[in-house]
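Colleague: To start, I am sharing the structure in question, which I have written as structure tokens.
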Amino acid sequence: MVTSAMGPSPRVEELARSGLDTIPKDYVRPEEELKSIIGNILAEEKSSEGPQLPTIDLEEMDSRDEEGRKKCHEELKKAATDWGVMHLINHGIPEELIDRVKAAGKEFFELPVEEKEAYANDQAAGNVQGYGSKLANNASGQLEWEDYFFHCVYPEHKTDLSIWPTKPPDYIPATSEYAKQLRALATKILSVLSIGLGLEKGRLEKEVGGAEDLIVQMKINFYPKCPQPELALGWEAHTDVSALTFILHNMVPGLQLFYEDKWVTAKCVPNSIIMHIGDTLEILSNGKYKSILHRGLVNKEKVRISWAVFCEPPKEKIVLQPLPETVSEVEPPRFPPRTFAQHLKHKLFRKTDGDLDEKPTY
């Protein structure tokens, strides 16, 4: 179990429970961003107007029926190309296991703040794993309306169970099994996306680290009720640095995607996993697969919890750059070569060099 002093910002959970009517100014978004924030995301999620996040049925992803398999592969490729994010259904991970993961995470955040503080991270010392309220320096310098728990969950030899919650008792077994099954699903998805680029099916997995070096990390995001949701964000606009990101949530809306120059609210689809294409695959595919800008909204009425699992390449071993097969005279490389660590630094400390991977924020 890791202990450390809490940082200067109070836990958002404590702010929410204090009965305040207005949020501290450190949580208020910049003026130019406020005009796009919806105060009632719960009502917005019920709207059927505008574009809708695609739902991909994976039931026939490995089917012996060639027609069904090809149809599934094409739909997955199209969603990765057009949106870069999708709902996955019939993904093969048992509903009972997902329910256990959600229950364990919810129970952890229901513990008294004092108990959770025993798992607090120490960002000043470079230790981001554990319980916290701000993962890293973000783009705006503003605080986000969330607390979180962040840790490496796979492969087993790279995890540190000493920092995992021991309460509730099912947290470690449920999370470990979920990470293992999600890692296997990632292999299947990467195979389909490789084929979609005209590559051998194992190519993308190899390029992001393979069985030994691809790191799987989980961030449980806890978004308390917010008295002024029209002024705050749970997670500011960003793209994921990962190869793939898989997200569960407690069926409370909040995720928005920046699609066709406007913010689109993701629906709550039962028994689905949301999957994002991350920057890593966008770079390797030379932009053919999209890493979409997205953000998390909060609301007055309900606590929102999400479980984001990031599949990431090793920081220094691999140089990320467009694969030769994705480049031509007509489509020259859109991204400069960088290690994953260099890409992380590039993202965290703002992009000021006019790269083609720069994305709008609002």
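Glycine too: its Cβ is placed from the backbone N, Cα and C atoms.
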Colleague: Looking at Swiss-Prot, which one out of H157, H294 binds Fe cation in the same site as H238, D240?
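Modeller: For the Fe cation site that includes H238, D240, Swiss-Prot also lists H294.
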Colleague: Which one of these stretches, 1-23, 70-92, 116-138, 162-184, shows up in Swiss-Prot as region 'Disordered'?
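Modeller: Going through 1-23, 70-92, 116-138, 162-184 one by one, Swiss-Prot flags 1-23 as region 'Disordered'.
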Colleague: Among all protein chains shown, how many Cβ atoms are found within 10 Å of the Cβ of D240 (Fe cation binding site), not counting that one?
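Modeller: I count 26 other Cβ atoms within 10 Å of it.
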Colleague: Between H294 (Fe cation binding site) and R304 (active site), what is the CA-CA distance rounded to a whole number of Å?
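Modeller: That separation, Cα to Cα, works out to 16 Å.
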Colleague: Would you count the other C-beta atoms found within 10 angstroms of the C-beta of H294 (Fe cation binding site) for me?
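Modeller: For H294 (Fe cation binding site), the 10 Å Cβ neighbour count is 24.
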Colleague: Among the recorded positions H238, R304, point out the residue whose Cβ has the most other Cβ atoms within 10 Å, with all shown protein chains included in the count.
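Modeller: Of the recorded positions H238, R304, the highest Cβ count within 10 Å belongs to R304.
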Colleague: I want to verify one value. Collapsing DSSP to three states, which class is R304 (active site)?
Modeller: strand
Colleague: Rounded to a whole angstrom, what is the C-alpha distance between H238 (Fe cation binding site) and R304 (active site)?
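Modeller: Answer for this pair: 19 Å between alpha carbons.
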